[in-house]
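What follows is a set of notes on a single structure, which appears directly below.
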Amino acid sequence: MADTPALIPQSDTTPRCWALIPCAGTGSRAGATGPKQYQLLAGKPMVLHTLAAFAAVPRIARTLVVVAPDDAFFASQTLTDARFLVAACGGSTRAASVLNGLNFLLGQGAARHDWVLVHDAARCLIRPDQIDQLIDACWQDDVGGLLALPLPDTLKRESLGRVAATLERADKWLAQTPQMFRLGSLLDALQVAGTTVTDESSAMEAMGLSPKLVPGSAQNFKVTYPQDFCLAEAVLMTRSSGDSAPQQSASEFKRASDMNFRIGEGWDIHALVAGRKLLLGGVEIPYHLGLLGHSDADVLLHAITDALLGAAALGDIGTHFPDTDARFKGADSLVLLTEAARRVRAKGFEIGNVDSTVIAQAPKLMPYMAAMRAQIALALALEVDQVNVKAKTAEKMGPVGLGQAMEARATVLLRKFI
């Protein structure tokens, strides 16, 4: 990367961090009557949740919201943080809005060597600590980078509505935002790449650069389709519930008796048979055998579901989703896990963390661990670092060791303020 120094602006002045939120889209895929970024989620417009996260990051000097020229939304809003700017310079594409916004920032005193974090308005679940994590990871980097997640699902190439091929996913990541680059470098890259690129990283890649991948969160998804609104609102409501819980002050320790802790244990085992998909932790794993069961037989999710229900004294998975009920024939275990978590929270509990183990002789599961954790965290409305998945073999002993079955164990911590 010998040409990098020529592209990256250099200065002796300490760079600042700016945030840029392109907010000029219409949100047609969301099925909303107006721009999706202004739809209410957990009691306030989606974009205001996004802005609140950036307002909580002291290292962000100013946050610019780029809206369409005829957008009057912010004229009716009172932005209490003086660091927010609104510019009616949105373009016909996302990249055009970003390009116009970068030029606007230069007019506001930003320098070419400053950092800019571009973030989708519809990624309203971003958290301040994730923004800080990206800044920490990229501050000394020659190029910059983006939040991203390893691809959790099997990737198919389509032709005429049918599967044409299954693609290798081990090196595939899902790009998220924020994406953090030097303002001048990104401006130059967008001018060269054009305004049809779908993210800032693509423009930088077109310049021959390799942005840094910084692990993000499964919760930091982009609200795109109608069903996404329900999931985003559930996460926001869960966070709101947690934020309203009693807090420990500097002068007062909270006694353990003020909080009700519950620990749940789950276990499950399923036989391996031909002709079934192998699903573990909500991730399809290439293998010549799959797990036999009434539902999709995801043994790991079943163990976690049992642990959740057990900790809340709500029985077990068979009580809530019996295999005698035709409604659960072939059921998606991620859906069952999400519903179990809802019932647990309805009793006033918060989920603290999940620890789990898959016992399988084959195949190798390590390449899929990150994707499993991401799927479980998303289903439970948790951060990825609240979910752990381990893999062990049975040392060729018993039905698991002989490759006839797979087993899973899980432990869950619940807590409730009393």
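Yeah, the Cβs are placed from backbone N, Cα and C, and that goes for glycine too.
The model shown is predicted, which means the values in this text are computed figures rather than measured ones.
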Q) Where Swiss-Prot shows D268, H270 binding divalent metal cation, which of H288, H294, H302 is named for the same site? A) H302
Q) Can you give the mean pLDDT for the region '2-C-methyl-D-erythritol 2,4-cyclodiphosphate synthase' (262-418), rounded to a whole number? A) 93
Q.
List every residue in the same chain as F321 (4-CDP-2-C-methyl-D-erythritol 2-phosphate binding site), at least 6 positions away in sequence, whose Cβ is under 8 Å from its Cβ.
A. S295, F328, A331, L336, E339
Q. Considering only the binding-site residues D268, H302, I317, D323, which fall within 10 Å of H294 (site 'Transition state stabilizer') when distances are taken between Cα atoms?
A. D323
Q: Could you name the residues, excluding D268, H270, H302, of the same chain that surround the divalent metal cation site, i.e. Cβ within 8 Å of the Cβ centre of those residues, in sequence order?
A: I269, L291, G293, A297, D298, V299, L300, L301, A303, E407, A408
